[in-house]
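What TrEMBL annotates here:
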SIGNAL    1-19  signal peptide
DOMAIN    5-324  domain 'FAD dependent oxidoreductase'
BINDING   43, 44, 166  FAD binding site
BINDING   223, 278  D-dopa binding site
């Protein structure tokens, strides 16, 4: 049979990394990325890109740990290479502080990040309102550099990029054999997933080059994440809110919360406000399906619903999606050889 044609729908961090894993694993395939928006206009471009996992209630912990480990290992190798600067990937050390000791003192990812330990009394003096804390070093992906770096790698492998609004996956059945759905919050409409809902996040990007360490309040709602060219201040978690318009009172609230953690931010300049909709559901949807209509068939793989954990597990879930694409290719070859008989 001819080389299978694979379309990946979505060009955020999950879509591009899935396309890369598919192109790497199956070089004979013709791969294309179709998206309404590319960097710097994706939801991923709003994200801080910090590798600090959130626990997804519907996914077994050992699976989440595997996804995070694969992602961390992959990005750590890039951070130690000549590509690090272009890819926007760097190590950042800091603190996660709590007003009271959490029930779970060792999160599932504590042995994957670097140098995880309990904060000393001297360190905690920096945070007078907090009684307990954890110090560690993790990775941060700056966007849009990371997405643009992935696009460049994809183009070098012959992957085509098309700006296109896909209304229904079935419209692709005459052009592609396999479709990988990485549409993020777009999957709500694209495949009618009623379990998927937006969690609105508003963040501020400020110029504060003296801030070198991340600071994250234990509930994960207030955070200060220094990047290469700006510091991301957050945030909000507004379930079922579809609004992409920045809210001035929210901006003031976020800035106030972050300044109480790091008072020097009062001197920060050039504030840019961004809003993104995290594609949330009880668990990431990672599965394959066969769609059929009037005797025609389309093989579909889903990889979406990462919520606020997209960056923390994107490479792990992309590898799993590529494995499912491999199963689809095997099924195509099997039906092709049966047809010849």
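Glycine too: its Cβ is placed from the backbone N, Cα and C atoms.
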(request) Restricting attention to the domain 'FAD dependent oxidoreductase' (5-324), give the mean pLDDT. (result) 96
(request) Compare all C-alpha positions of 43, 44, 166, the record's FAD binders, and send over the largest distance in angstrom. (result) 19
(request) Only counting partners 6 or more residues apart, tell me which same-chain residues put their Cβ under 8 Å from the Cβ of residue 278 (D-dopa binding site). (result) 43, 185, 198, 199, 200, 201, 306, 307, 308, 310
(request) Measure from the CA atom of residue 44 (FAD binding site) to the CA atom of residue 223 (D-dopa binding site) and give the result in Å, rounded to a whole number. (result) 17
(message) As a test of the contact definition, list every same-chain residue at least 6 positions from residue 166 (FAD binding site) whose Cβ is closer than 8 Å to its Cβ.
(response) 9, 34, 36, 172, 183, 190
(request) Give the sequence-ordered list of residues that share a chain with residue 44 (FAD binding site), lie 6 or more positions from it, and have CB atoms under 8 Å from its CB. (result) 12, 13, 14, 143, 147, 276, 310, 311
(message) Counting across all protein chains present, how many other Cβ atoms fall within 10 Å of the Cβ of residue 223 (D-dopa binding site)?
(response) 24
